[in-house]
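Comments concern the structure below.
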Amino acid sequence: MKHPRSMQAQARHIIEVSVAHLALAGAAAVSPPLHAQTAPAAPATSMEAQLKSSFARADTNTDGKLSKEEAKRLPEVSARFEELDTDKDGSLSYAEFAAGVSKG
């Protein structure tokens, strides 16, 4: 039979190891998954910047919308103008432009 102190030490060691495992499991549970990190967001930001730049270049009168005439500067947009003009007001807002271009 083991000495009582060594049994106490062994029990304490088991408890300490169990607590350490629980702490590690808890940390893993609350840490964000690797795939949720923000690094891949750069391409979306770059795409948004390109869309805004294209829209601004075509919006020659800087009224914040594209007329049919202004849309001619962007042949792909001009060809789909009526489809992209979802509110049928005869012009494309940036939201209509971006939504249509994103859909391809």
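Counting begins at 1 with the first residue displayed.
Cβ coordinates are placed from backbone N, Cα and C, and glycine is handled just like the others.
Annotation source TrEMBL lists compositional bias 'Polar residues' at 47-59. Remote same-chain residues near the compositional bias 'Polar residues' (47-59) are listed as 65-66, 70-71, 73-74, 77, 94, 97-98, 101-102 (criterion: CB distance under 8 Å, separation of at least six residues from the stretch ends).
According to TrEMBL, the feature compositional bias 'Basic and acidic residues' maps to 60-72.
Outside the domain 'EF-hand' (72-104), and at least 6 residues removed from its termini, the chain residues within Cβ reach (under 8 Å) are 48, 51-52, 54-55, 57-58, 60, 64-66. Annotated domain 'EF-hand' per TrEMBL: 72-104, in sequence order.
According to TrEMBL, the feature region 'Disordered' maps to 32-72.
What TrEMBL records for 1-36 is signal peptide.
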Do you know the mean pLDDT across the domain 'EF-hand' (72-104)? 93
